[in-house]
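A.B. asks: One structure coming up, written as structure tokens, with questions to follow.
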């Protein structure tokens, strides 16, 4: 991109030279200088395009500096040649010459590449050439004035303005450019961080939540106690099933199965808490519980039913390929948990902790004994409006629990 700009700028300068041929008064030598300068400029642009294809990063890096230095040197050489050929021995014109504006071009090349170091190097080259010429002019004996008319249209200079004004303007321009470049890179870093954060969050949270979570990560870090509906699912007989598969086939199976189950969880606004082998743990109402009573529990139940629908489709595909069908059990419970980031700083994990989680896991385990695909606790059943599609199984003593609880089985 920067090299294309060199060509565009070069053709612009060439057109300017051709347009002003009739106004020049420094003879054939002036034409030689102009043609030579523009030829060197285009040769450098061509050579630069070749250098960019060299594998050595070190060579490419240092040639950028050489190229910027050469651009500044060509402008300085044009100033010096004009002084020798048409300056009438008045060194003031080394400072006043409008050709100084061409020093902006190397700065622009650094800007196009978004490289603050090249911009700084370019302004350094400019200062060296400018103040070398200014020193030379003072040694030669400058003719100075306080009259702006004489300064602008005549051979004299106002010393304070000539020595300070243009360099200060160029310096302000460079500072602005460097600030803009740094701001741009900071913005890119922030965008990259946001995208990385979104990608990380998208593994666990519903896509609908990601934009909201990206701006409120502090709510995840602090953690809080809140009401959550927890869903556990597990493949029946997975141990014996997995032993019949080679590692590659098993990995492919788990990826396909987890993808289908996760889709159902996200479809109803759930959060994927974790995979534990073939088991899936999901939460509903995290990180932000719904203000509508029973809404999170209803989403959890709908997600569970959708998981069973997905499983039927998956089994149909497996059966068509001559593969064994699988069965799962799903348990759901609702209650208060601690929700937030847990772990060391370099290994933080958003999760939920509490008795509600343990109870949901035990309900899922009860599916095997009760020959059920989907079981929910009485709390969940009441929150979703006590639907007739769920049949009470009576009080069940869950493993590790002192008191028995009522469980309800989904009957489609």
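Residue 1 is the first one shown; counting continues down the chain.
Backbone N, Cα and C define each Cβ position, glycine as well.
Straight out of TrEMBL:
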type	residues	note
DOMAIN	229-364	domain 'Guanylate cyclase'
TRANSMEM	7-23	transmembrane segment
TRANSMEM	29-49	transmembrane segment
TRANSMEM	61-83	transmembrane segment
TRANSMEM	95-112	transmembrane segment
TRANSMEM	119-139	transmembrane segment
TRANSMEM	168-189	transmembrane segment
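In terms of burial and nearby residues, how do these features look in this structure?
C.D. replies: Beyond the ends of the transmembrane segment (29-49), by six or more residues, the same chain brings 3, 6-7, 10, 13-14, 17, 21, 63, 67, 70-71, 74, 77-78, 81-82, 85-86 to within a C-beta distance below 8 angstroms of the stretch.
Within its own chain, the transmembrane segment (95-112) has Cβ neighbours under 8 Å at 1-2, 5-6, 9, 13, 67-68, 71-72, 75, 78-79, 82-83, 118-123, 125-126, 129-130, 133-134, 137, 157, 162-163, 166, 170, 173-174, 177, 181, counting only residues six or more beyond its boundaries.
Below 8 angstroms of C-beta separation, residues 65, 68-69, 71-73, 75-76, 79-80, 91-92, 94-95, 100, 103, 106-107, 109-111, 162-163, 166-167, 170-171, 174, 177-178, 181 of the same chain, each at least six residues beyond the ends of the transmembrane segment (119-139), sit close to that stretch.
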A.B. asks: For the transmembrane segment (168-189), give me same-chain residues lying six or more residues beyond its boundaries with a C-beta closer than 8 angstroms to one of its C-beta atoms, as numbers and ranges.
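C.D. replies: Long-range Cβ neighbours of the transmembrane segment (168-189): 103-104, 107, 110-111, 114-116, 119-120, 122-123, 126.
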A.B. asks: Please work out the helix, strand and coil residue numbers for the domain 'Guanylate cyclase' (229-364) from the DSSP assignment.
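C.D. replies: Looking at the domain 'Guanylate cyclase' (229-364) with DSSP, the answer is 66 helix, 39 strand, 31 coil.
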